[in-house]
């Protein structure tokens, strides 16, 4: 490797594997495993601010909605996934994402003073608080199968798959007709997790983070086709 002018070389300890050569011709060389470097993850907290013409992260610059890479970033969040950019920041740790809606405002570059976020946020990758699920894996699978069979699907009508992120950390994917209502999703969750029957919860979208208050709406009316829905305890 070539060095730029003025660059000083700093020795780095070798961390890979190697062979210990035999002391005599008849002695075989032995492979010695190197010490693996430890990668410690760190929790990352990011505030996503949505503006009229783009978005910003924390106190960063405006990022245009028209940029394909930015559109992919937002699409990952809409699906309830952690964008690759944030995963790299966390190095395997937890990513906590809060959202601020300023879509009726032009971008305002933040000043030096820091103002703490006081709104609601959603932790990607998990939902909180957690619910203790006391069912065995076999019983849980049976409950989920029973819940799925209880949803009457009209194959002659349009269908959609809804992914549901549960408060106990589980995930469900169920096929519905466009004409099914949000209340049908609630009943499906209770059938799949009977312990939820006595628990108060709301259903929310992931992006934007919005409570589905009118459960009489059909999935098509609520724009929930192929959507990700989050269960939040109240």
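Numbering starts at 1 and runs along the chain as displayed.
From the backbone N, Cα and C atoms, a Cβ is placed for every residue, glycine too.
Automatic, uncurated: that is what TrEMBL annotation is.
Here TrEMBL flags 1-22 (among others) as region 'Disordered'.
The domain 'SEP' annotation in TrEMBL covers 43-108. Restricting the average to the domain 'SEP' (43-108) gives a pLDDT of 81.
What TrEMBL records for 125-154 (among others) is region 'Disordered'.
The domain 'UBX' annotation in TrEMBL covers 155-232.
Taking DSSP states H, G and I as helix and E and B as strand, the domain 'SEP' (43-108) has 18 helix, 20 strand, 28 coil.
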